[in-house]
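K.L.:
First the structure, then my questions, so here it is.
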Amino acid sequence: MGGEWGQSAICPESAQEWTIQVGQHLLDMDLGAITKYSALHAKPNGLILQYGTAGFRTKAEHLDHVMFRMGLLAVLRSKQTKSTIGVMVTASHNPEEDNGVKLVDPLGEMLAPSWEEHATCLANAEEQDMQRVLIDISEKEAVNLQQDAFVVIGRDTRPSSEKLSQSVIDGVTVLGGQFHDYGLLTTPQLHYMVYCRNTGGRYGKATIEGYYQKLSKAFVELTKQASCSGDEYRSLKVDCANGIGALKLREMEHYFSQGLSVQLFNDGSKGKLNHLCGADFVKSHQKPPQGMEIKSNERCCSFDGDADRIVYYYHDADGHFHLIDGDKIATLISSFLKELLVEIGESLNIGVVQTAYANGSSTRYLEEVMKVPVYCTKTGVKHLHHKAQEFDIGVYFEANGHGTALFSTAVEMKIKQSAEQLEDKKRKAAKMLENIIDLFNQAAGDAISDMLVIEAILALKGLTVQQWDALYTDLPNRQLKVQVADRRVITTTNAERQAVTPPGLQEAINDLVKKYKLSRAFVRPSGTEDVVRVYAEADSQESADHLAHEVSLAVFQLAGGIGERPQPGF
Ligand code: 16G
Ligand code: MG
């Protein structure tokens, strides 16, 4: 079963207790209509899914009831927060046959954890218990059912997405919610729409045109300032994973063509979504996508299937492939922001947020060379996003290319003032920062927005892709998966960098790590697959490979490995 899992949710079970509590809520929901429509979106018997790291994800044919119920839940969340809530139908980098759904909270953020539990309960309720669970959520969360509700919906290009988003709409309407269906959108575009709508248009206009204009205006302003650039003509090859990114980038490109020319590959006209292409493929296989011809030193990037991840890469003159991942993107961005602040004369607190997967060289470079404080959180965008909100300027990236930068309201205002009041050089830097702030999608990591930020910085600093890559050298690393009977036996602490259980595992890892130079290793249960993930890095590829293998064996022995023992060699 491809469904995600998270912490198991405690769903209410006592029907008796429930009937005493419900009171007004029974009267405020058209239970007859809910039952009738729910039967049209019936749950397959015995199917259990979890609202995981990025919502529900599994084979598309198992998701109809989940979509309908997420429509219902979005209405409740909207009533409770008195705000517009988003529902995105996508399974990101998963195969084309899969699909998924996630809810977007008022400020464009991921759904609050307590509501993730409600989502799991609601999705798994048997038909006859559905109403009870709905009412229970309303009671627990003190939802005023008389409140209006508004839900916005977006979907990716999967063949199943259109029908599934219609099921979301059925759920929204049966609970009396209003909705706007944006149709095809990238995931970060939907986050942007939600953010715009709940901030009275201050963040931007909640239309696709508004998104294109806001970002492109900032980008063109920035690139006008680039006097000399590393590359004579700014052009970039973009692998769109045969997904929604291709459609949206094609619509957008004429808005920013003054500053950058993009050449699209894997644009969905022939290949299959995410098949042998896209950011996930490139990052995990450490090789270029199929369907893209790369000349030496040409700058290339890949989006994932819903365009919320980006990685860069190039071939050097000897034909070697170089990957520039989220860590190096964060380094480029935070260094540039810091330089601008120095120029403006502002001492704002800037922090970089990473996960345990960040390459040790990137952390070292940021802390020791750039003198930027670095923080580590658990894997998953929501954890990084929340941590980044603690700073005046918080830059967060996962190594896999999910990330963005967040600016506090106070900083935005200060920079706006500086851009008007300061003199000459300082004013120019403040203006630049003002545009950079506009160019970031602060609601969510966004491949299109990040791409334009990166291109602007490279142009302004006159950097070639090789110069960017040369900021530091990644430590060789290896990631492996181990099959165990129940991956929940592994629990971790210290942002997933240390295993707490099973007993003896962390000690075993510590002993193995000691054998290698510049080494580090950790294990964690995946939030999206039924496996334990192993990460190791060391001073050479051989050492990283050995270490990863030895740690896999320790996991296999101590955490209930199943199937074949992990073998050396990859
Ligand atoms: C999800 C997360 C991603 C994380 C990945 C880890 C979001 C939007 N996506 O795709 O951030 O890196 O899961 O997967 O939060 P894993 O738990 O299977 O290693
Ligand atoms: Mg994605």
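Note that Cβ sites are derived from N, Cα and C of the backbone, with glycine treated the same way.
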K.L.:
When TrEMBL marks a stretch as coiled coil, which of 163-190, 415-442, 527-554 is it?
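P.N.:
Checking TrEMBL against the ranges 163-190, 415-442, 527-554, the coiled coil one is 415-442.
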K.L.:
Per TrEMBL, what member of S92, S519, S526 joins D304, D306, D308 in binding Mg(2+) at one site?
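P.N.:
As annotated by TrEMBL, D304, D306, D308 share the Mg(2+) site with S92, chosen from S92, S519, S526.
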K.L.:
For ligand 2, list the binding-site residues among D308, N400, P525, G527, R533 whose CB atom is within a distance below 6 Å of it, in sequence order.
P.N.:
D308
K.L.:
Which ones in the same chain are close to R533 (substrate binding site), with CB under 8 Å and 6+ residues apart in sequence?
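P.N.:
Q479, L480, K481, V523, R524, P525, S526 - these are the non-local Cβ neighbours of R533 (substrate binding site), listed in sequence order.
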K.L.:
Round to the nearest Å and give the CA-to-CA distance linking N400 (substrate binding site) with S92 (active site, phosphoserine intermediate).
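P.N.:
Cα to Cα, N400 (substrate binding site) and S92 (active site, phosphoserine intermediate) are separated by 13 Å.
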K.L.:
Distance check, please: Cα of S92 (active site, phosphoserine intermediate) against Cα of D304 (Mg(2+) binding site), rounded to an integer number of angstrom.
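P.N.:
Distance (Cα to Cα, whole Å): 7 Å.
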K.L.:
Ligand 1 is in the model; which of the binding-site residues D304, D306, E398, P525, G527 have a C-beta less than 6 angstroms from one of its atoms?
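P.N.:
From D304, D306, E398, P525, G527, counting a Cβ under 6 Å from ligand 1 as near, the near ones are E398, G527.
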K.L.:
Rank the binding-site residues D304, D306, D308, E398 by the number of other Cβ atoms within 10 Å of each Cβ, and give the residue at the low end.
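P.N.:
Minimum Cβ neighbour count within 10 Å, taken over the binding-site residues D304, D306, D308, E398, occurs at E398.
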K.L.:
Of P525, G527, which of the binding-site residues has the most Cβ neighbours inside 10 Å?
P.N.:
P525
